[in-house]
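Visitor: Please find one structure pasted underneath; my questions will follow.
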Amino acid sequence: MATSVECCSTQLIDGDGSFNVTGIEKLIKEVKLNECGLSYAVVSIMGPQSSGKSTLLNHLFHTNFREMDAFKGRSQTTKGIWMAKCNGIEPCTVVMDLEGTDGRERGEDDTAFEKQSALFALAVSDIVLINMWCHDIGREQAANKPLLKTVFQVMMRLFSPRKTTLMFVIRDKTRTPLENLEPVLREDIQKIWDSVPKPEAHKETPLSEFFHVEVVALSSYEEKEELFKEQVANLRQRFFHSIAPGGLAGDRRGVVPASGFSFSAQEIWKVIKENKDLDLPAHKVMVATVRCEEIANEKFNSFTECESWCQLEEASRSDLVSGFGKKLNSLLHTSLTKYDSEATFFDEGVRSLKRKQLEEKLLQLAQPAHQAILGHLRSGTLEKFKEAFEKALNGGEKFSVAARNCTESYMALFDEGYQDAFVELANWDSSKVREKLRRDIDAHVASVQAAKLAELTSSYEVRVKEALYGPVESLFDGANNETWLSIRNLLRCETESAVRGLSSALSGFDLDENARGKMITGLEDYAKGVIETKAREEAGRVVVRMKDRFSNLFAYDADSMPRVWTGKEDIRFITKTARVECLKLLSVMAAIRLDDTADNIEKILFTALLDPSSSAAAIKSNKAGDPLASSTWDQIPPSKTMITPVQCKTLWRQFMTETEYSEANRRSNNWLPPPWAIVALLILGFNEFMTVLRNPLYLGLIFVGYLVIKAAWVQLDIPGQFRYGILAGILSISTKLIPTIMNILRKLSEPAPVAATGANNPPRHLTAATKALENGSIRSSTASSGNKTEYSGHNKEQ
């Protein structure tokens, strides 16, 4: 595979039919054929062996093909097919020198390579020079006849032949004018064309459909060298701009772009070698497919390695990129433009298909970056919306107005940001991202609204609770027949006030009537719940309240002044009055009465508990059961019942048991005996009285005993121990009596402090007794204060 660098010539196909891929690639690179697009031409020459083909080419195109040395005899010079660049010819033209036909080296029967090389030349060349001797024109068995038959026969194997220029070069022209030779030659050519078997589709196709025939004549190179050179120089001028309209190959068809010439030639020779019919249109599509795909892959790889794209992709991963859409669009447009520039001369259908595929690959590569930008845009817009929304609410703007204004503003901001990220070449749909942002904004508004409404509801619930709790407790403290009426009025007043405030606050929210009504109803129900909760709480302490009321009615008169017990009071009447009031308290606390429905709870309680005899008679006469032997009240639903009838009976029994001591204590407060008893005591005890007067020691013992008993009385708090019943008082005193007496005796036995004896110093035993009494009084006072404090605190809790 010899190569001449000076004239850029190389052996394209050797004598054995092997294609020189390396040689043609090197040649194309050296002559820069890839940059020519469609502006190039291919010339080839065929003819009998030793007919001067290489000599003609060297003089015509300034090449340096090997020529035959006449002094060494006539033999084969060119083997296979050689290719070289035509020097000084514009546009770029390459010429192929084919192995001569009818050579003795291949033999008479070995015409396969001749046909293959002829078909190859017709398939790739725009101009085919047919070198022939002048003296063969007009002869039936001339050497040019087999050559022409070969050309026309192989031409039929092209499904859609190119429009090829056949230039017959008549060598060693005689005196016969060309005007006389050309008609004869054309007639011979037409006869050969007519005699060649043709496919059915081309039975009537004229020769001019496939070939443009030119005839030129040259003088003998050996005999008239100067004239030969002059004629060749004139012929050379016809090859300048040969592909322009009116040029030698001005009407050529199916040209392969220069960048695909090498691949096309390789594939054509491969098909020819396999002895297959050469489908030039399909071959053209195949070449276009391969080359366009190669160009597309090259542009895709260039795009992925582009520094601008890498920087843009890297930046898009972390944050928004200003002008992202324009930058990406520019990069994509540049890549596609370069593809169009290099693939512009290939088959339009293939070129468009591969361009579309390249565009899809580029967009598929770039779409994640675009999606990342939209993600940053969405999240950034959402954060800005949250800040602006919170600021608007903190500034006192109504919730619905702030939500609407901020939503419209920041959705518009997203649209503006999307325009900055919009890629014109891509048909990407951003509606899903926009819808996601809108859903996120709506969800945030809904969550903030729920929080605000919960906070608003909670604040009004606190107000309602504060407004109801204290007054309700006070009303239950002074429970009477008007208590529940007062509670209902209080509930209505406070509820209406709270509902007005809540309705006014809700006007700033975009709520439907159903939601608004639910919230107002919820607040009203909460207010009722506060009343019911407080009522049940107070019902749990009803016995304590009854005892407190009973004690107060005993301790104070109708004018709320402390009673002075003289012994003339009607204890029975006071007791009954106190119990009536306590029973009224029990009836008030028995059920919740917020619906203003009349009931007979008080009547049942008064009949069954205050007048047991009449109740028993009524039960006996009516043969009815105990009205309190039930777990429900008539006309009162269980949900509104706080103390059942049977519980009322139990609580009343407990109350009666624990208040019996108070009544008995008040009855026994007038402990002085009658006057006659006092007179009898003085008469009968006169001797003992005189004995005590005569002996002061007895008087001292009596005084000490009085102090001891008084100290024990105070320390044990005897009246207080019996406050909650006789049995409880006895048990409590029995546990404290011995320790208390031992403590008093210990105090009495302690030695007095050393001091000067004088009139101002009392006797030691009196001092000790006095200290014991004082200690007892102090402890009693402290205990009483403590009990009082505890009691007061208890009442406050209630």
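Using N, Cα and C of the backbone, Cβ positions are placed for all residues, glycine too.
I grabbed these lines from TrEMBL:
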type     : residues                               : note
DOMAIN   : 37-252                                 : domain 'GB1/RHD3-type G'
BINDING  : G47, P48, Q49, S50, S51, G52, K53, S54 : GTP binding site
REGION   : 756-798                                : region 'Disordered'
COMPBIAS : 777-790                                : compositional bias 'Polar residues'
Visitor: Select one residue from S50, S51: among these binding-site residues, choose the one with the most other Cβ atoms within 10 Å of its Cβ.
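Guide: When each Cβ's neighbours within 10 Å are tallied, S51 leads.
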Visitor: Around K53 (GTP binding site), which residues of its chain at least 6 apart sit with Cβ under 8 Å of its Cβ?
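Guide: In sequence order, the residues whose Cβ lies under 8 Å from that of K53 (GTP binding site) (at least 6 apart) are I45, M46, G47, T78, D97, L98, G100, L129, N131.
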Visitor: Could you tally the C-beta atoms, other than its own, that fall within 10 angstroms of the C-beta of S54 (GTP binding site)?
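Guide: I count 22 other Cβ atoms within 10 Å of it.
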Visitor: Could you tell me the mean pLDDT the prediction assigns to the domain 'GB1/RHD3-type G' (37-252)?
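Guide: Per the prediction, mean pLDDT sits at 81 for the domain 'GB1/RHD3-type G' (37-252).
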